[in-house]
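Participant: My questions all concern the structure below.
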Ligand code: SAT
Ligand code: MN
């Protein structure tokens, strides 16, 4: 870490490790506004990690975990009010309101800049402002997507080191004049001289703001992942979706998975599910069908561009996993467990055992006593959860035992299939293939899911979540859907990924899951591959091509055959009941709803005779 003197701020001298004039001018401008005690350029070194984590432990933000079981790993317990993304405080400040669209909060950019400048004034007093250069995607890319986060949170700097490629090597790529996304973050908790800090500084007033035209992010008041690690949802989805729209590519909320058949044929699959719907589990699947293998390339975000051969190539812009802890265990996701167990992991809001290990709901070996995520004593009969439902592990991708060797290849991997999916108790079958690209875009556009704890809001209520991007669109949803249709129109349909819609979460009358999920989802993936190869049986239903149980490889599956049939059922009445809900959603999208989506809706209604 290079202690830096910003000319005009800390006196004289010029020891900054960059000659990037625009970067320096911006750092100076922000430092003048926020008035940190010092400015430090993060270099991403091991020494810096040591220094930051030691400081975080001293401040009470981090607890060092049991070094024998979880080397170099830490637990942070957040302020109880700062545990998830705050969608109601998230803004897309496009120049024109109609460009933000009905799914986003909007405020005029000047008004927001005024308002937030007021909040930022003096907000880093008593703290250090870190300059964190980062790159989304492999460093060797021809067109690297760079960013610099200015933050007053050591927790953020440490987490950014896990989640992004960051530090001196990125500063080098920035050179003297490469463009970068300006990402400003403050926890909004200045310290007066002599004032003691709290373990998790934050502010009741929160703004997570994006200026898509100028590619800027301003975040205030929260230290939580998606609100504060600005490379993730803010850049890699909201800002990047706007870039992708302008540049003809796709920035999507998708995992990237590599499947290898018994014949050693390789298939890359991308899949979009809303937050906390099993993306990480699918990204790390252990196929239960003999001979099939899977490797991991990403668990949350895929950037897809056309290659010279006309195929869509995906790159994961991230460098780590920021996964939901509860539900993760040695049987549901042994790969995630091994990744975490390799150490170098930052946990947030999980519970801690008496010997400094971590625990969360559904993890094996429930202890008799824990310190819960609030720091209170917990026993199994406490009657409350030990870990917050949105508690997280933040761990380096490089430690993943099933990591695909090509994970860091700037070229990306050619995608053969895209899966959309949500969490639905009823109506939506286990798997369903679209008739074509536009119909697939319609499936994605009308995706729905029961809300999870990853954002504030009523858990369990069904909401439409187009391509799992509802909270992550940097522009108008109608323009976004048109962009999807245009991607198809401008491509050779044969080379495009085939599109499928899956639902692992359908339940029977007594509320039990009809499909066992997890590794058994490989049976669905095998069928997907068969369809890509032009094989694999299916029935043409009003909603798409759906397999019967006979079309799936169910050998050795420990599940009731009637349940499997029920999981695949397309019940016309259920779908007729879905129509008014889809209609309401498409009306909500408004005038910019692409005619292609409207046409698909009309065709669906015809097929359902409604
Ligand atoms: O908190 S994050 O936005 O990073 C995770 C998620 O909601 O998917
Ligand atoms: Mn996500």
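Glycine residues also receive a Cβ, built from the backbone N, Cα and C atoms like all the rest.
As annotated in TrEMBL:
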ACT_SITE  277  active site
BINDING   85, 224, 225, 226, 275, 390, 391, 392  substrate binding site
BINDING   233, 253, 300  Mn(2+) binding site
BINDING   276, 277, 278, 279, 280, 281, 392, 423, 518, 519, 520, 521  GTP binding site
DOMAIN    26-245  domain 'Phosphoenolpyruvate carboxykinase GTP-utilising N-terminal'
DOMAIN    249-607  domain 'Phosphoenolpyruvate carboxykinase C-terminal P-loop'
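Tell me about the setting of these features in this model.
Facilitator: DSSP classifies residue 277 (active site) as coil under the three-state reduction.
In sequence order, 85, 159, 232, 322, 348, 392, 394 are the residues near residue 225 (substrate binding site), counting only same-chain partners six or more apart with C-beta under 8 A.
Residue density at residue 253 (Mn(2+) binding site): 25 other Cβ atoms are found within 10 A of its Cβ, drawing on all protein chains shown.
Residue 520 (GTP binding site) counts 19 other C-beta atoms within 10 Å of its own C-beta, drawing on all protein chains shown.
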Participant: Identify, in sequence order, the residues in the chain of residue 391 (substrate binding site) that are 6 or more apart from it along the sequence and have a CB within less than 8 Å of its CB; answer 'none' if there are none.
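Facilitator: Once residues fewer than 6 apart are set aside, residue 391 (substrate binding site) is near 324, 325, 326, 347, 348, 349, 350, 360, 373.
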Participant: Compared by Cα position, which of the binding-site residues 226, 275, 280, 390, 520 is the closest one to residue 253 (Mn(2+) binding site)?
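Facilitator: Nearest listed residue in space: 275.
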Participant: Rounded to a whole angstrom, what is the C-alpha distance between residue 277 (active site) and residue 390 (substrate binding site)?
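Facilitator: Spelling it out, the Cα of residue 277 (active site) and the Cα of residue 390 (substrate binding site) are 12 Å apart.
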Participant: Filter the candidate list 85, 275, 277 of recorded positions, keeping only entries whose CB is under 6 Å from an atom of ligand 1.
Facilitator: 85, 275
Participant: Of 233, 300, 518, 520, which binding-site residues come within 10 Å of residue 275 (substrate binding site), going by C-alpha to C-alpha distance?
Facilitator: 300
Participant: With the substrate site defined by 85, 224, 225, 226, 275, 390, 391, 392, which remaining residues of that chain have Cβ atoms positioned within 8 Å of the Cβ centroid?
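Facilitator: After dropping the recorded site residues, what remains is 83, 84, 322, 324, 348, 454.
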Participant: Using DSSP, would you call residue 391 (substrate binding site) helix, strand or coil?
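Facilitator: Where residue 391 (substrate binding site) sits, the three-state DSSP reduction gives coil.
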